[in-house]
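Undergrad: This is the structure I have questions about; it appears just below.
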Amino acid sequence: MSDQQQLPVYKIALGIEYDGSKYYGWQRQNEVRSVQEKLEKALSQVANEPITVFCAGRTDAGVHGTGQVVHFETTAQRKDAAWTLGVNANLPGDIAVRWVKAVPDDFHARFSATARRYRYIIYNHRLRPAVLSKGVTHFYEPLDAERMHRAAQCLLGENDFTSFRAVQCQSRTPWRNVMHINVTRHGPYVVVDIKANAFVHHMVRNIVGSLMEVGAHNQPESWIAELLAAKDRTLAAATAKAEGLYLVAVDYPDRYDLPKPPMGPLFLAD
């Protein structure tokens with residue numbers, strides 16, 4: 001083989017699950033633990049070359065993922081089992097590959113995505129949990145999930161989410177299109193399930209923080225609509241904690257035919 005002859009490059013997509021409680025977010029950063037850094041290290045070991053991954057959504061410190069999607073390019077030709085079982089063998093126990101799929105050159109985990117879906121899990125009980133303490137948010141006041149659901153429906157469609165946007169958000173626009181938002185109760189768990197084309201920084205956690213005030217009867221049902229119209233972050237409730245938030249699914253055009261495993265988290269039925 002001549003020096004000029006290039007090896008073929010393969011583009012691979014992976015579905016990733018992780019417990020974010022011990023990580024300083026998804027994105028690789030100097031001197032702190034990140035999910036991206038651990039995944040790239042494991043992939044590089046299997047590929048026997050440096051690997052850089054691109055993700056669908058960069059989750060914050062303490063936030064979890066059951067449906068994160070990444071892609072990477074490599075000259076390494078490996079069987080699917082190497083990219084799943086082999087990579088998992090090199091990952092810490094709180095990160096796992098769920099599926100693998102070869103994708104065409106035009107695929108991008110972030111820019112090809114048409115929607116992202118999050119679930120926020122509230123453990124609504126008088127006493128705090130121990131086993132799932134880093135996987136749910138504890139809220140001791142009784143919550144009316146049906147009231148929260150009704151209040152949330154004003155967020156559907158395209159809206160300016162300035163009132164639910166972090167001050168440090170770097171997005172060029174506060175406008176987002178919410179496709180669905182449902183609030184349901186499953187025993188002691190209250191689940192806020194929201195899907196949108198994209199999210200401004202802390203959008204889900206800020207929405208949930210205000211919905212909990214409505215669910216606890218500290219604010220009227222109309223309050224969420226009033227906040228949305230006000231376009232003022234200072235009027236809304238405090239940001240809900242990170243530990244209850246999960247990135248559960250990312251939508252892509254059907255032509256990519258990516259796997260769609262159960263969304264989870266695993267202790268919840270779909």
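Cβ atoms are placed via backbone N, Cα and C, with glycine included.
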Undergrad: Could you tell me which of the ranges 42-46, 107-111, 222-226 is annotated in Swiss-Prot as region 'RNA binding'?
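TA: That would be 107-111, per the region 'RNA binding' entry in Swiss-Prot.
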Undergrad: Per Swiss-Prot, which of 18-22, 168-172, 253-257 is region 'Interaction with tRNA'?
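TA: In Swiss-Prot, residues 168-172 carry the label region 'Interaction with tRNA'.
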Undergrad: Mind checking which residues of the chain, 6+ beyond the ends of the region 'Interaction with tRNA' (168-172), have their Cβ under 8 Å from one of its Cβ atoms?
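TA: Same-chain contacts beyond the flanks: 200-202.
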Undergrad: Taking every protein chain shown into account, which of the recorded positions Tyr118, Phe139 has the largest tally of Cβ atoms within 10 Å of its Cβ?
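TA: Comparing the recorded positions Tyr118, Phe139, the most crowded Cβ belongs to Tyr118.
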Undergrad: If we check Cα distances from Asp60 (active site, nucleophile), which of the recorded positions Arg110, Tyr118, Arg126, Phe139 wins as closest?
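TA: If we rank Arg110, Tyr118, Arg126, Phe139 by Cα distance to Asp60 (active site, nucleophile), first place goes to Tyr118.
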